[in-house]
């Protein structure tokens, strides 16, 4: 068995275009995994192996790659930076122990960086920071460090300083050994020399080294006291303190360089080994109750002596077949073992196991706690399922994914391709939990739901290229919701008599608005036996089932509380089905009286605008019913944060490029549901009626 202290499971994440795929490429070249480095702008990079990724120059799926550095095994996940694929980042963070946050030296802390950083904080993932692209025009390492402090409220621990900047960038000062690392112009990462620090940088290097040591020794009281008494700590003591502070998220070791020019990557790799945690040094995964989802108090201890426990964190269908990516938390998995899927209750025999290198693979006969690998040909497994030893059934903490906010209706251009389309869409749904499909019961249309326009564009593209299914795509539809604003006290009786035994159920109830995000809540305060307890579940089921279709436009209903306080029953004619029908009738009767209201999804929008165009951009956001939350001037322009209804954001990127002469950028993610203005609600209701009439 491998020594777990020599394992590092890390993710590389950042804003789109910050250079994380290029950084991964350089790491793979340095660790001997690839011989010729692919360039993203040539569509050749190793981890961007889907056609859509190679074409668009953005990473969509998190490719898992295993490589080695200084006798340590690194499992690297290269995550997407585009906001529509945030679910991939979240999914990856769930199975990682550490990460490298890549920031652009000129762009700084960009919108998606914030989202990824927030997710990483929530997941408790220790990170190093790599400020990339210091060879770029407008690059400023110190400005980016300041942004990390201000925008992310994080504590960057500067470990290297740039020597030169933009075209003059040639190397870094390593503050640990107080030496300069200078690369030549051949572009080869191994062609560098270690020399004395340039004279004009000695003072700054001493200043930053002092800050580094002062911050590090705060992790050890004895060392801090000795340092305050004038005793310089040893290099090993400094590293030990940095390691502890990094693992505790007290600070983030921060490096600089240029991945494209092959400068500075070695020191980042050393930091992964020296400062990021091994699988045994992170909090073990909690086990949860299968029924309630609540923690049981037990954990999956990272050890090869424990029973086998693993999490399926990604499903992929590629040219080799169906792949299930798993992270093993405890125990050992051998080829031929039988394992239990605790979510389905079914067992499966492990056929082939492979170690992935982007889309190439190495066959394995066994794997152990700490490993990230892919199993070939598993059936009935979905993202978030727990795989375990059949004799020691358990459930790991599940993954929770955001609900889609946008949908499109699709149908195959070839009328005979319906079955082919259904199979292909089924595979995509298994791969991506934030992508959903449903069939419109009235029209029979297939509805695809996703996290944004680009998300759905790419799915349609994959269906065409990978599965040969060309689709006719309808206009994007917003996922509106409905709710109520007034309390109602009411009564409903369901009575049916048509020979033989009849049906009878009477309910007296109160309906009122619930708390935001509370969903549907049912309570009973019936005193005595007017409604026997055995009928309560049927009444709850009747009300809950009606929450799927609201009274105004047929959208799902949010945040409603129902209290059953009295009723009546018949000894012969009352039954569960009679009370369920009564609850459905009660819902239809009372909802129009309860002040029903249309809710619309509001997006958190982050726009970058050149200074010259800020007024136009803000004016445009206001016209889109946007609420400006914040503005921040940077070196290259202004960032504007706003809440804007999703319905106003379709096609926004084209409009933004027009008013900023192609220089504007934006990202958005779902924020909350909010009541529509009456004129918008009226339009939504009219459109819903028109769709219904057309079916």
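Quick reminder: no glycine exception, Cβ is built from N, Cα and C everywhere.
According to Swiss-Prot, the features are:
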type	residues	note
BINDING	14-21, 78-82, 132-135	GTP binding site
DOMAIN	5-280	domain 'tr-type G'
REGION	279-299	region 'Disordered'
### Task
Starting from each candidate's C-beta and looking 10 angstroms out, tell me which of the binding-site residues 14, 134 has the most other C-beta atoms.
14
### Query
So, in DSSP terms, is residue 134 (GTP binding site) helix, strand, or coil?
coil
#### Entry: Residues of the region 'Disordered' (279-299) by DSSP state, where helix covers H, G and I
3 helix, 9 strand, 9 coil
## Note on the structure
On average, residues of the domain 'tr-type G' (5-280) score a pLDDT of 81
